[in-house]
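Going by TrEMBL, these are the annotated features:
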TRANSMEM  B:20-41  transmembrane segment
TRANSMEM  B:61-83  transmembrane segment
TRANSMEM  B:89-117  transmembrane segment
TRANSMEM  B:129-153  transmembrane segment
TRANSMEM  B:184-207  transmembrane segment
TRANSMEM  B:219-238  transmembrane segment
TRANSMEM  B:317-342  transmembrane segment
TRANSMEM  B:354-377  transmembrane segment
TRANSMEM  B:404-424  transmembrane segment
Amino acid sequence: MNLEIIGISVLWTFLFGYIMIGSIDFGASFFNAYSLIVEKQHILTKIIQRYLSPVWEVTNVFLVFFFVGIIGFFPKTAFYYGTTLLVPISIGVILLAVRGSYYAFETYGARGHKGYALLYGLSGLLLPASLSIVLTISEGGFITMENGAPVLNYWILFTEPLTWAVVLLSVTAVLYISATFLTWYANQAGDSEATRLMRKYALLWAFPLIITAAGIIVELRGHNPDHYEKLMSLWWMFALSFILFLLTVWFLWKKRNYGSAFILLVIQFALAFFGYGISHYPYLLYPHLTLYDSFTNNAMAISLIVAFILGFCLLVPSLYLLLKLFLFNKQYVSGK
Amino acid sequence: MINEESVFYSRVLTETTLTFHIIYATLGVGVPLMIMIAQWVGIKKNDEHYILLARRWTRGFVITVAVGVVTGTAIGLQLSLLWPNFMELAGHIIALPLFMETFAFFFEAIFLGIYLYTWDRFENQKKHLLLLVPVAIGGSFSAVFITIVNSFMNSPQGFDLVDGKLTNVNPLLAMFNPAMPTKVTHVVVTAYMTAAFVLASIAAFRMLTGSKHVYHKKALFFTMKLGLIFSIATAVIGDFSGKFLAEYQPEKLAAAEWHFETHGEAPLIMWGMLDENNDIKYAIHIPFALSILAHWLPGAVVTGLDQFPEDEIPPLYIHYLFDTMVTIGMGLVVLSLIYWIGVKRGWAFIHSKFFLVLSVLSGPLSMLAIEAGWWLAEVGRQPWILRGIMRTSEAATTNNQVDLMLMLFCGLYIILGIGTIVVMSRMFKRNPVEQELKDREMEKGGVQK
């Protein structure tokens, strides 16, 4: 294993971490807003706030970790992605600001503005949509070089079916992941009404999820045949992922083992996410940038990895403490 | 290829983001330490007032931290979005402290979450206080790592450029560059100082608006004392910063001091004006002070702007930024010293309305000094983004939509700024300290019965 692979594996793992815990956060805010509209908020708001408020800043750090890390390990990405993504990422930052300020102003301060909660819920869908555009762009075909500088072609991007397939997948995935997690969390809290509602949402979004996921594979075949070929050679990862998906749905259907259902879901997404990542190798941006021609020098790579290992030793016990207090502590979860 | 318009707007957007972010960042570094000390004093003296001080500060702090997370994420991303060419180069040499900063931030965020939601979950208050230690450490180390990156921009080292190609990169040497010791300590200590004075302003403001409660008196004395300690430390470190500049960035010191010709026995020029021939008018001259600031000795020769090509000299208005920073810093040393002596000696004067007004001003003024300091640091490095290696104009993005993003972010910062003020003032008005003290006593009384 070379340094390039170690670097991208670390980053990809953290991105996966962000996608999972971020999805829980995004989806929860949407369900919260939706329940406000249909006047069911008494069922959900409490559960959501007990879990989300203490951890949202940690969620955000996963994202920061990823983008700081990718500049560290692969500095050339700053040139290609930094130049072209100005608008999409700035919009992402604004959406992040809506979410952060909701926590700051509504839950810590005086709460209760309905419009704000709706905006916050909406940002839960728009943020994954705007961030997922980056994955679409990485497939190539949207960035051209003009006078030696990369330029993003918005017209091609927004008329490309793949773009919308990815956006749809990101939204359905967020809702499905979040609903499944909250089913388990509400069940832990002994709140049967919330459990029933979240289970319903989870089952509702399971089917659209698998349809949009399959849709992406079809669209990719047309857009980037090279990547599609490599994806297909890893068919077993996706097949396994699909089986786990069926198991999760089955548990949800049978109203049992919500905890295992969520763990299976995490593995399901991990398989699909890493399958996608591995088949993307060696490109960071088709066809301009690979892992190898964007990699930093050896001295920096080694010191980053050393810093990562040291940091990780600090992080794991602290994260464990956080989860122990807020996720696995029955008294806290049930609001005592 | 340089896109002049993008360069201009990238600079304005970065300046705007930094100017806004630094308010929250400074409080984020300084306030946890104040909370920690107050809670510790409260436990030690068994004084409910200090504990409540810590609790109320924490409530406000959470809001500033949340906004700071947002603006911090914005500046983190904007570095790559607006300065892609710089980040590509910098990524090779100075990515290590940036990366370490995320860990410090991680650490802080995790323990802040735990601290906030466990106020009454511990029987032993000391255990709860322990949770704040990683928050304060994480906050301060975030500042340390980010400032290391900034110091690298001022005195880059730890690599060789051969025909435009980077070789011999040494990330540790890049981190421990000559600017690092003075810059890092200056940033951290001024954050503590500013936090102390901002909190002092709040206490003084409550006293000025009529609250006679001893709680506010304790708060004011406590924060002024800390403010005094940290402002003296700031002055000492500021002196060392001057010596660093004279050695490694003489053009910045010379421009800030309007020191045009290289000579010895140089006076320190405060305020004043420049006429069309660059002659200084109406300024206060402190004899020998610049030579002492630069090299310890009254006779020492200080390099002037005549030693630099015209296109490598920073704009001369940084003189006023320097003066603002120094004047406020010195003024606050004097203010807090008078207050401290006054309390010890029982001077009635320090309880006068006039003195309280000055104390209310101490917080906003120290924040202004922080802003002036960062503007001085950044504008004073121009035309370079990486001194001597890369010009700001070469570093900027070629993207044409920066002006649009500038408007978008200005709107965002205005909303966040107003939101902070409204939410905080509503929060503390609804729950004044007198009420909260009563409620807490009732609760305790209830338990005993």
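The backbone N, Cα and C atoms fix where each Cβ goes, and this holds for glycine too.
If you look at the transmembrane segment (B:354-377) against the transmembrane segment (B:184-207), you find at least three C-beta pairs under 8 angstroms, all six or more positions apart, and that counts as contact.
Comparing B:89-117, B:219-238, B:404-424 for CB pairs under 8 angstroms to the transmembrane segment (B:129-153), the maximum falls on B:89-117. Beyond its flanks by at least six residues, the transmembrane segment (B:219-238) meets 34, 37-38, 41, 49-50, 53, 182, 185-186, 189-190, 192-193, 196-197, 199-200, 202-204, 207, 326, 329-330, 332-333, 336-337, 339-340, 343, 359, 362 of its own chain at Cβ-Cβ distances under 8 Å.
Relative to the transmembrane segment (B:61-83), the listed stretch B:404-424 leads the set B:184-207, B:317-342, B:404-424 in CB pairs under 8 A.
For the transmembrane segment (B:404-424), same-chain residues at least 6 beyond its ends with a Cβ under 8 Å from one of its own Cβ atoms are 9, 12-13, 16-17, 20, 60, 63-64, 67, 70-71, 74.
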